[in-house]
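Notes to accompany the following structure.
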Amino acid sequence: MVPVIALVGRPNVGKSTMFNRLTKTRDAIVGDLSGLTRDRQYGDASWQGRSFILIDTGGITGDEVGMDEKMAEQSLMAIEEADYVLFLVDARAGMTAADQMIAEHLRKRNKAAILVANKIDNIDPDVARAEFSPMGMGNAIPVAGSQGRGISALMEAVLGHLPRDAEDEALEQDVAEGEEAVRIPGPSEKDGIKIAIIGRPNVGKSTLVNRMLGEERVVVYDEPGTTRDSIYIPFERDGDKYTFIDTAGVRKRGKIHEEVEKFSVVKTLQAIKDANVVIFVMDAREGVVDHDLNLLGFALEAGRAIVIALNKWDGMEPGERAYVKTELERRLFFVDFADIHFISALHGTGVGNLYKSVQAAFQSAVTRWPTSRLTQILEDAVSEHQPPMVNGRRIKLRYAHLGGANPPLIVIHGNQTDSIPKSYSRYLENTYRRVLKLVGTPIRIEYKGGENPYEGKKNTLTDRQVNKKRRLMSHHKKAEKKRRDKR
């Protein structure tokens, strides 16, 4: 399971700056899932190959009223969700009553936490540590978040206390085996294809899970655990193994009450990270809403294969259906590679077809292609549509090979690759998708510039070459002397 780290502290101590630095912005979830998470913002981050989910919270002052009180409540909820807490304080302002209140809350909850003294620019780190030592949170780690100073030491201290995710361990093993190692995930003997069922509350996730498991199978799970535990449900269908990752929990069909279904962002994000394929469930009667786009965006950033299920399609008028299809085409253009199914989880209409799309998306996401095949596709694409000129020189793309899977990563080598425009990258992506007949999975293309293997190396001659050079020089001198003597 991917660990969760929460950033907490008073307002303006640098939590958002730290969040942006660790998520590198492009890895952060687009938006803050407004309406579901209030002021909590969730991001997918990594440090030296270790993945984790980061939560940015609103500030806590201890004297909140009205909306500020609700924001503080959300910050305290983030503490409960997290495996580890980064408690940020302002080294310039010194210790405050609000800092002491937060420290007391962390102690009462027996929460694993580390004290971070931020904004140490032009401040002696030892003085900063001494300032906050009365809080009883241990030695503060000094950082300057805006400049990135001290971040490495902080993250090494934090990640040393967190469990390793299975995917991270596999990637580290690849690195140990060599730079060119490529991990191609496949269905494990035990779990089969792991499918995450995600979506907003009340769209019918639990109804769909029970329907896909089979009418005759009634599953009851009442296991103790934290609020962010997901339910893993292994099963077989037509000889194929699967594992559902159900963020809503699985209940008896007669006891499913969609209106009280809990929604946890953390559970959803962790389920996406742990899955091979995501089935994204939407309510056809509500159409496409911003929350749907946010969740789909995270699944896309995580590189997971995607199947879209538009639930509650039954009973809709033809005009309503036509409008919804138009909206899907307009707003879901960024996942146009995903199969869309119009279903009724309650009545079972169209549900069986989901398995075919899951299988196709998974196979597209994990299939191996030899370097010769990927290079031939590249050469054909370049022949049909040349890359643009840069400073009077044509960009040259030499060969391509597979760099990873789930999602497929195609590494293209050439020169001036830093100057390749996004439009040409989209052209190559679409070409690979069309030729390889890929469905349901995003594709990532990575460029590597051509490097001169002799750059920076001295031209050292062998003994034989040195002797030959001497003979040639001696012969040249004798010939030159003869020419001068004849004159």
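Even glycines carry a Cβ here, placed using N, Cα and C.
As the structure is a computational prediction, the values presented were derived from the model and not from experiment.
Taken verbatim from Swiss-Prot:
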BINDING   9-16, 56-60, 118-121  GTP 1 binding site
COMPBIAS  448-461  compositional bias 'Basic and acidic residues'
COMPBIAS  467-487  compositional bias 'Basic residues'
DOMAIN    3-166  domain 'EngA-type G 1'
DOMAIN    193-366  domain 'EngA-type G 2'
DOMAIN    367-451  domain 'KH-like'
REGION    448-487  region 'Disordered'
I'm checking region-level scores; what's the whole-number mean pLDDT for the domain 'KH-like' (367-451)?
91
Tell me the residue counts in helix, strand and coil for the domain 'KH-like' (367-451), as DSSP assigns them.
31 helix, 26 strand, 28 coil
Just give the helix, strand and coil counts over the compositional bias 'Basic residues' (467-487), going by DSSP.
20 helix, 0 strand, 1 coil
For a quick check of understanding: among the binding-site residues Asn12, Thr57, which residue's Cβ has the most other Cβ atoms within 10 Å?
Thr57
Check the DSSP secondary structure of Thr57 (GTP 1 binding site), expressed as helix, strand or coil.
coil
Could you tally the C-beta atoms, other than its own, that fall within 10 angstroms of the C-beta of Ile60 (GTP 1 binding site)?
24
